[in-house]
């Protein structure tokens, strides 16, 4: 079973490398949002520093959401998704490999580039470890929850708006905990409580969402 997971993970990685625009779009979006915000609110460093925890997390959330609409699109259109559903291997395991590959090449890249843009907003260097850890724990949850919506809307021609309406309410706890951890660190308070809750959400999402994604794909393929 682990061999199948590894093979599918490698396959998805190769496919993503062939479509560099899909990898670059959310990262460019994240960078543009962060770069434009100081132009909108003014150059006051104290104001930017105060707003930076929420801004970084909202930009990351929207960047992840932007990348999810086409997550299963190509597999659905070329018939690969039907083969997945008919495969003797657990569909939940197959979709977990696909979502993991997506996160490794988009979500993880976003996590790694976030300190640079956070420093641009005046976030102190002492807060960077909390920023990295919160995004490292939170962005997989965003990808997994978003994949549930992507699975349900993959058969729709214009499912982007519906995907956002379905998934954004589910993102609220992650947004509150992630930005809360960063805000606590900015104020010199312990952020371990927020991070532990984020870790719990990550474990819960890894356990439950693959089955929800598999069920959503079966519904979409069967329509």
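Heads up, the Cβ atoms here are built off N, Cα and C, so glycines get one too.
Annotation source Swiss-Prot lists transmembrane segment at 23-43, 52-72, 103-123, 128-148, 161-181, 195-215.
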I'd like to know if the transmembrane segment (128-148) touches the transmembrane segment (195-215) in this structure, counting it as a touch only when three or more C-beta pairs sit under 8 Å and are separated by 6 or more positions. yes
Lying 6 or more residues past either end of the transmembrane segment (23-43) yet within Cβ distance under 8 Å of it, the residues of that chain are 16, 51, 55-56, 58-60, 62-64, 66-67, 105-106, 109-110, 113-114, 117, 120-121
Can you name the far-off residues of the same chain, 6+ from the ends of the transmembrane segment (161-181), with a Cβ under 8 Å from a Cβ of it? 53-54, 56-58, 60-61, 65, 68-69, 130, 133-135, 137-138, 141-142, 145-146, 148-150, 152-153, 191, 194-195, 197-198, 201
